[in-house]
Amino acid sequence: MVGSLEVSKPPEHKVESKIVIADEEEEDENDSPIEEVRLTVPITDDPSLPVLTFRTWFLGMVSCVVLAFVNNFFGYRSNPLTVSSVVAQIITLPLGKLMATTLPTTKLRLPGTNWSCSLNPGPFNMKEHVLITIFANTGAGGAYATSILTIVKAFYHRNLNPAAAMLLVQTTQLLGYGWAGMFRKYLVDSPYMWWPANLVQVSLFRALHEKEEKREGKQTKLRFFLIVFFLSFTYYIVPGYLFPSISYLSFVCWIWTRSVTAQQIGSGLHGLGIGSFGLDWSTVAGFLGSPLAVPFFAIANSFGGFIIFFYIILPIFYWSNAYEAKKFPFYTSHPFDHTGQRYNTTRILNQKTFNIDLPAYESYSKLYLSILFALIYGLSFGTLTATISHVALFDGKFIWELWKKATLTTKDKFGDVHTRLMKKNYKEVPQWWFVAVLAASFVLALYACEGFGKQLQLPWWGLLLACAIAFTFTLPIGVILATTNQRMGLNVISELIIGFLYPGKPLANVAFKTYGSVSIAQALYFVGDFKLGHYMKIPPRSMFIVQLVATIVASTVSFGTTWWLLSSVENICNTDMLPKSSPWTCPGDVVFYNASIIWGIIGPGRMFTSKGIYPGMNWFFLIGFLAPVPVWFFARKFPEKKWIHQIHIPLIFSGANVMPMAKAVHYWSWFAVGIVFNYYIFRRYKGWWARHNYILSAALDAGTAVMGVLIYFALQNNNISLPDWWGNENTDHCPLANCPTEKGIVAKGCPVF
């Protein structure tokens with residue numbers, strides 16, 4: 001029994017893999033075909049280690065609940081703070097070791113069964129730590145559907161049945177399990193689906209757990225992590241509290257303080273960001289993720305797409321005044337009317353039926369967007385069709401071969417050493433487990449939509465269509481995410497489809513989007529965690545149980561936190577009625593609300609057809625579909641030209657897909673760091689890169705996050721602030737960058753041309 005292990009004598013957990021590597025040729029067959037994986041993931045396993053222990057459940061559940069509450073709570077504030085699972089990963093290590101040395105070995109037995117577990121089955125091991133981190137990661141991810149609750153209660157000021165809201169939150173999270181189960185063999189077992197972001201976690205786990213002798217002139221991995229963590233932690237007091245402006249340095253604006261055009265060119269937050277950069281890790285990784293975890297070819301493609309869109313297409317459209325671009329701010333997500341003022345939705349919404357009032361709409365104004373926001377939607381259209389075309393051309397044959405091999409009886413021999421170890425040592429998750437979760441989630445989702453007076457507005461056929469979209473796109477989007485660490489979102493396409501089929505109903509639109517696109521995101525999240533478990537040799541059934549329980553717990557906590565805040569904070573999200581010092585401005589939900597206006601109330605039929613302003617954006621569908629074809633043709637014609645194979649059209653189209661939330665300064669900082677580490681250092685100092693790159697990424701994330709939490713609770717929450725000075729403003733000091741430049745348009749704080 002596991003509980004018989006001696007607590008005082010840690011076992012030697014250095015059991016080598018049973019795979020015998022006889023020579024160089026066999027080593028190539030037995031190891032991963034991906035160099036980064038070979039440099040990071042060990043080909044060893046100890047299947048005797050306990051995993052679902054009392055420590056796993058206790059520390060995992062606490063981490064899940066705390067992170068779900070904290071991230072949901074801070075998400076409503078002016079400066080949202082996201083605490084990543086890396087923080088829990090670090091904190092739970094000493095706690096796990098403390099429990100291993102102090103808890104008794106008493107066994108707990110479940111009454112009426114033969115099941116029992118020990119409070120202390122032995123030394124705290126890496127596999128327990130991995131599952132605790134999975135708990136924490138699930139809690140940190142939040143629940144997207146809570147934004148629907150927020151816009152209903154805080155923006156539209158309508159009631160929503162709490163049972164319907166709870167079912168909405170739970171089912172949107174759980175539907176992804178079905179798609180994960182259907183595609184896990186192709187996205188997990190294949191060694192070519194290598195999930196770059198997981199290598200950061202693998203490196204950190206190894207640094208924290210593997211004993212390493214210090215060699216002369218070299219730091220151990222753990223010591224390196226602790227040094228970088230301390231430096232990152234200490235430094236973040238500067239951009240996080242003492243000098244916030246250092247996060248967005250825009251020198252052009254400081255020189256031309258009265259020129260709107262110069263500030264539009266130089267502003268890193270509201271303009272083109274020429275010459276802007278940030279000396280803050282949260283600026284580098286806050287919106288786009290850590291560039292250290294992204295392979296260089298993906299960075300290069302995204303950078304190329306960003307340059308083409310942001311510095312060629314966008315300026316041409318804006319300064320030629322296409323779509324009356326100069327009438328509106330250069331960089332914003334807000335909708336406008338024909339006079340250049342914010343769009344007033346109360347003038348066109350029937351408050352009784354919660355549908356659009358067409359006579360009122362026709363007498364008021366069509367809806368206008370900033371040219372940046374309009375083109376971002378166009379790129380989203382192109383990204384969808386480019387993804388389909390690219391995966392079909394470049395990966396179609398590969399996926400078909402995987403599909404055929406998955407049905408062979410010799411499945412054990414398929415894949416790399418990690419796949420063979422997992423199949424040899426652990427039982428697979430039965431397919432019916434996934435099907436059962438999918439079926440139960442669908443039935444409850446159907447009840448949430450059709451019951452409760454149909455408050456969600458989404459009919460049964462809308463739910464079926466959302467599920468069909470999720471099923472269709474999970475695999476192609478998963479292939480791209482698993483190989484490039486870049487996610488192709490379907491939010492806009494989901495909004496477009498239901499907006500055409502069921503216009504004028506804002507809640508139906510956001511519910512359809514959530515069931516369609518978020519279930520894909522959840523599926524890929526689950527599959528990504530399965531791949532992490534694959535690398536760390538976690539029993540798949542244990543991984544499934546932890547993910548399922550953590551998802552239900554995190555969704556419940558997120559729902560409870562959201563409902564509590566919406567019920568207890570007066571005028572939450574209403575900046576016109578909140579006190580000036582109130583932090584409850586809900587910045588993320590403002591964008592979500594604006595999207596519900598554009599796609600739900602107005603609808604794409606009045607936006608992207610001849611009835612609206614932007615029918616030209618539909619050309620991006622065709623452009624995106626055709627763009628991969630010449631790349632595929634030349635890659636086949638000139639196979640020796642390796643650089644052609646590295647051109648990735650979906651990544652180019654999605655290079656600016658995080659805009660307008662992310663700004664130019666975030667992109668430039670992200671690209672600069674990524675190119676230095678994953679191009680220059682990877683090629684010139686590969687040994688250092690293999691040893692330290694992913695640990696560096698984890699340490700920078702963790703140090704910044706821990707100091708961010710400390711600053712809030714110790715200083716900001718107690719209203720302890722510094723005297724006002726130039727660098728204490730959370731801005732890039734480019735006040736004119738968001739001014740309209742059309743003649744006669746009046747905007748607060750802006751000159752009238």
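Heads up, the Cβ atoms here are built off N, Cα and C, so glycines get one too.
What Swiss-Prot records for this protein:
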type	residues	note
TRANSMEM	56-76	transmembrane segment
TRANSMEM	163-183	transmembrane segment
TRANSMEM	224-244	transmembrane segment
TRANSMEM	296-316	transmembrane segment
TRANSMEM	368-388	transmembrane segment
TRANSMEM	432-452	transmembrane segment
TRANSMEM	461-481	transmembrane segment
TRANSMEM	506-528	transmembrane segment
TRANSMEM	583-603	transmembrane segment
TRANSMEM	615-635	transmembrane segment
TRANSMEM	662-682	transmembrane segment
TRANSMEM	695-715	transmembrane segment
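A contact between the transmembrane segment (163-183) and the transmembrane segment (615-635) is absent, since fewer than 3 of their C-beta pairs, 6 or more residues apart, lie under 8 Å. Long-range contacts of the transmembrane segment (461-481) within the same chain, counting only residues at least 6 positions beyond its ends with a Cβ under 8 Å from a Cβ of the stretch, are 175-176, 179, 182-183, 186-187, 193, 195, 387-388, 390-391, 395, 399, 442, 445-446, 449, 487-488, 490, 493-494, 497-498, 501-502, 508, 511-512, 515-517, 519-520, 523-524, 527-528, 650-651.
For the transmembrane segment (56-76), the list of distant contacts is 82-83, 85, 87-88, 92, 95-96, 99, 128, 131-136, 138-140, 142-143, 146, 150, 546, 550, 553-554, 557-558, 561-562, 565, 569, 572-573, 584-586, 588-589, 709, 712: same-chain residues at least six beyond its ends, Cβ to Cβ under 8 Å. The stretch from 368-388, 432-452, 583-603, 662-682 that makes the most Cβ contacts under 8 Å with the transmembrane segment (296-316) is 662-682. Packing against the transmembrane segment (368-388) from elsewhere in the chain are residues 309, 313-314, 317-318, 322-325, 327-338, 343, 473, 476-477, 480, 488-493, 496, 598, 613-614, 616-625, 627-628, 649-650, 653-654, 656-657, 659-660: each is 6 or more residues past its ends and has a CB under 8 Å from a CB in it.
Long-range contacts of the transmembrane segment (615-635) within the same chain: residues 374-375, 377-379, 381-386, 388-390, 393-394, 608-609, 641, 644-645, 647, 649-650, 652-653, each at least 6 residues beyond the stretch ends and with a Cβ under 8 Å from a Cβ of the stretch.
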